Amino acid sequence: MSASKEAICASTEKDLEKPALGCFATRYFVTFMLFLGMANAYVMRTNMSVAIVAMVNHTAIKTGVEEYDDECGDRDIPIDDSQDGEFPWSSALQGYILSSFFYGYVITQIPFGILAKKYGSLRFLGYGMLINSVFAFLVPVAARQGGVWGLCAVRFIQGLGEGPIVPCTHAMLAKWIPPNERSRMGAAVYAGAQFGTIISMPLSGLLAEYGFDGGWPSIFYVFGIVGTVWSIAFLIFVYEEPSAHPTIDEREKKYINDALWGSDVVKSPPIPFRAILKSLPFYAILFAHMGHNYGYETLMTELPTYMKQVLRFSLKSNGLLSSLPYLAMWLFSMFISVIADWMISSKRFSHTATRKLINSIGQYGPGIALLAAAYTGCDRALTLAILTIGVGLNGGIYSGFKINHLDLTPRFAGFLMAITNCSANLAGLLAPIAAGNLISDHSKPMMGQWKIVFFIAAFVYIICGTFYNIFGSGERQYWDNPADDEQKPALQTTSTTTPQRLSNGNSAPPAISSS
C-alpha cells in the first residue's frame with residue numbers, strides 16, 4: 001500500500017508540472033480573446049484609410065491639376081469619377097484626418113501602462129475598446145455636421161479609447177503565457193492586427209460601394225457593432241491573471257505561475273524607472289518599434305490612396321488588393337513564430353540570437369521591398385507582388401522586437417510596451433502627414449513623389465533594424481530579478497532546497513521561509 005501511495009503521489013506531482021488541458025487550456029482562450037481584441041483595434045484604425053477614398057470628391061479637388069498619375073500613359077485603365085464622395089478634401093488635409101486618430105492613441109499609452117501595472121489591465125482594455133467602438137457610430141455624423149474638425153475630434157476620441165490595447169495586452173500576456181510559448185502566443189495575438197486589416201480593407205471597400213446611408217457610413221456602423229460585442233464579451237469572460245480566474249484548472253495555474261515567477265506567488269515591486277532608462281536593450285526595442293511603426297503606418301494609411309492615384313484600381317478592387325500584403329504578413333508571422341519557439345526550445349539558439357535573426361527578416365525585408373517598389377514604375381502586378389512580399393516578411397517583428405519586452409522583464413513588460421508603443425506611434429503619426437504633403441505637390445511628377453515616400457520609409461526600417469541588432473538582448477535583465485526584491489510578509493513563501501530558475505536560465509536563491 002505504501003509503495004502504491006508513493007507512486008500515486010509521484011504521478012500527481014509529475015502531472016502538476018505539465019501544461020494542463022491541451023487545446024482547451026484557459027490561457028489559449030485568453031490568447032484567442034486578445035487576438036480578437038487586436039483585430040478589432042486594427043479594424044478601427046484602418047477602415048478610415050479605405051473610407052476616405054470614398055468620402056472625398058476627387059473631381060472637386062483637382063482644380064485644374066490632374067490628381068492621378070499620368071506618366072504611364074496607360075489609358076486602358078479607367079478612372080471612375082462616379083465614385084466621388086461628398087467632401088472636397090485635399091491630399092494634405094486627408095493626411096491630417098488620417099493622423100488624428102493617432103494623436104489620441106499616443107497620449108494614453110504611458111498613463112495606461114502605469115495604471116495597468118497598479119490596477120490591472122483587463123478593465124482598461126475592455127472599456128477603452130468599448131469607447132472606441134461606440135464613437136465609431138458618430139463618425140458619419142461628425143463628418144457631415146462638423147466637417148474636418150468634427151471628424152478629427154471623433155477620431156481623436158477613438159484613439160484615446162484604443163490607447164490601452166497594446167500596453168494592456170502585453171501586460172496580460174506577461175501574466176498568462178510561459179516563456180517557452182511567448183513567440184507563438186505573442187505572434188498569435190499581435191497577428192490579430194493583420195487579421196483585422198485583412199477583414200477591414202476588402203469589407204470596407206464593399207460597404208463603401210454597396211452599403212447603406214451612402215455607402216461609406218455603413219463601414220463605421222458595422223464595425224462599431226462588432227467592437228461593442230467583443231468589448232462586452234471580454235469584460236465578462238476574461239480574467240486579469242490565472243490566480244484571479246475562478247474555474248481555471250489548478251495544474252495549469254501552477255504551471256503558468258511557476259514558469260513565470262518561480263513560485264505560485266506573483267510579486268509586484270515598484271517600477272525601476274532609473275534602471276530602465278539606462279538599459280541599452282530597452283532602447284534597442286524602442287528604436288526598432290519606432291522604425292517599424294513609421295514604415296508600417298506609411299503603408300497602412302497610404303496604400304489605398306496609392307492604389308487609386310497611381311495604380312488606378314477601382315474602389316472595390318482597392319480594398320481587396322490593399323489587404324493582400326497584410327494577409328501575407330499574418331500567415332508569415334504565424335509560420336515564423338513556430339520557427340522562433342523551436343530555435344529557443346531546441347537550445348541551438350539563444351533568446352538574443354533568435355530575436356535578432358527573426359527581427360532582421362521583419363525589418364530588412366520590407367525596407368528592401370519598398371526600395372524595389374520605388375523602381376517598378378507602371379507595372380501594377382510587379383509593384384503589388386513586391387509590396388505583398390515585403391509587408392509579408394514584416395511579420396517577423398512579432399517574434400522579434402515586439403515580444404522582446406517579455407524577455408527583458410516579464411513583470412514590467414506592459415510598462416515597457418507603453419513607452420515604446422507611445423514613442424513608436426508618435427513616429428507613426430508623422431507618416432500620413434509626410435506622405436500627404438509630399439503627394440499634394442502637383443508641381444512635380446506624382447510617381448516621383450511616391451518614390452520619395454517609399455525611400456524614407458525604407459531607410460527608417462533598415463536603420464532602426466540595424467540599431468536593434470547591435471544593442472538588443474533576449475535575456476531577462478538584472479533589474480527584474482525576483483531574488484533581489486525586498487521580502488515582505490505577504491509575499492514570503494515556504495523555503496525550498498531547489499533554487500528557482502529565471503526565464504533566461506539564471507538561478508535565483510531559494511525563497512525565504514516565513515517561519
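Cβ from N, Cα, C; glycine included.
Taken from TrEMBL, the feature transmembrane segment applies to 21-43 (among others). Residues of the same chain lying 6 or more positions beyond the ends of the transmembrane segment (21-43) and with a Cβ under 8 Å from any Cβ of it are 125, 129, 132-133, 162, 165, 169, 172-173, 176-177, 185, 188-197, 199-200, 223, 226-227, 230, 233-234, 237-239, 242, 245, 247-249, 251-252, 256.
Residues or ranges marked as domain 'Major facilitator superfamily (MFS) profile' in TrEMBL: 26-476.
Same-chain residues lying 6+ beyond the ends of the transmembrane segment (93-112) with a Cβ under 8 Å from its Cβ atoms: 45, 48-49, 52, 56, 124, 128, 148, 151-153, 155-164, 166-168, 297, 301, 305, 418-419, 421-422, 425-426, 428-437, 440. Among the features that TrEMBL reports, transmembrane segment is placed at 93-112 (among others).
Residues of the same chain lying 6 or more positions beyond the ends of the transmembrane segment (124-143) and with a Cβ under 8 Å from any Cβ of it are 37, 40-41, 44, 48, 55, 86-87, 108, 112, 115-116, 150-151, 153-155, 157-158, 160-165, 168-169, 172, 213, 216-217, 220-221, 223-228, 230-232, 234-235, 238. Positions annotated as transmembrane segment by TrEMBL: 124-143 (among others).
The feature transmembrane segment is assigned by TrEMBL to 187-207 (among others). If one looks beyond the transmembrane segment (187-207) by at least 6 residues along the same chain, the residues whose Cβ comes under 8 Å of a Cβ in the stretch are 31, 34-43, 46-47, 49-51, 169, 173, 215-216, 218-219, 222-223, 300, 304, 315-320, 322-323, 326-327, 329-330, 333-334, 336-337, 340, 395, 398-399, 402-403.
Summarising the annotation, TrEMBL assigns transmembrane segment to 219-239 (among others).
Sequence annotations record features per position, and here TrEMBL assigns transmembrane segment to 324-345 (among others).
Packing against the transmembrane segment (357-375) from elsewhere in the chain are residues 288, 291-292, 295-296, 299, 336, 339-340, 343, 349, 383, 386-387, 389-401, 404, 450-451, 454-455, 457-462, 464-465, 468-469, 472: each is 6 or more residues past its ends and has a CB under 8 Å from a CB in it. Residues annotated as transmembrane segment in TrEMBL: 357-375 (among others).
Sequence annotations record features per position, and here TrEMBL assigns transmembrane segment to 381-401 (among others). Among residues of the same chain six or more beyond the transmembrane segment (381-401), those with a C-beta under 8 A of the stretch's C-beta atoms are 183, 186-187, 190-191, 194, 284-285, 288-289, 292, 295-296, 299, 303, 311, 321, 324-326, 328-334, 336-337, 339-341, 354-356, 358-363, 365-370, 372-373, 468, 472.
Per TrEMBL, transmembrane segment is recorded for 413-440 (among others). Packing against the transmembrane segment (413-440) from elsewhere in the chain are residues 90-96, 98-99, 102-103, 105-107, 109-110, 112-114, 116-117, 121, 166-168, 170-174, 271, 276, 282, 285-286, 289-298, 301-302, 305, 309, 405-406, 446, 449-450, 452-453, 456-457, 460: each is 6 or more residues past its ends and has a CB under 8 Å from a CB in it.
Away from its own ends, the transmembrane segment (452-471) comes close to residues 280-281, 283-285, 287-288, 290-292, 294-295, 298-299, 302, 356, 359-360, 362-364, 366-371, 373-374, 400-401, 427, 431, 434-435, 438-439 of its chain (Cβ-Cβ under 8 Å, at least six residues beyond either end). Positions annotated as transmembrane segment by TrEMBL: 452-471 (among others).
Residues or ranges marked as region 'Disordered' in TrEMBL: 481-515.
Per TrEMBL, the feature compositional bias 'Polar residues' maps to 490-515.
Per-residue confidence over the domain 'Major facilitator superfamily (MFS) profile' (26-476) averages 82 (mean pLDDT, predicted model).
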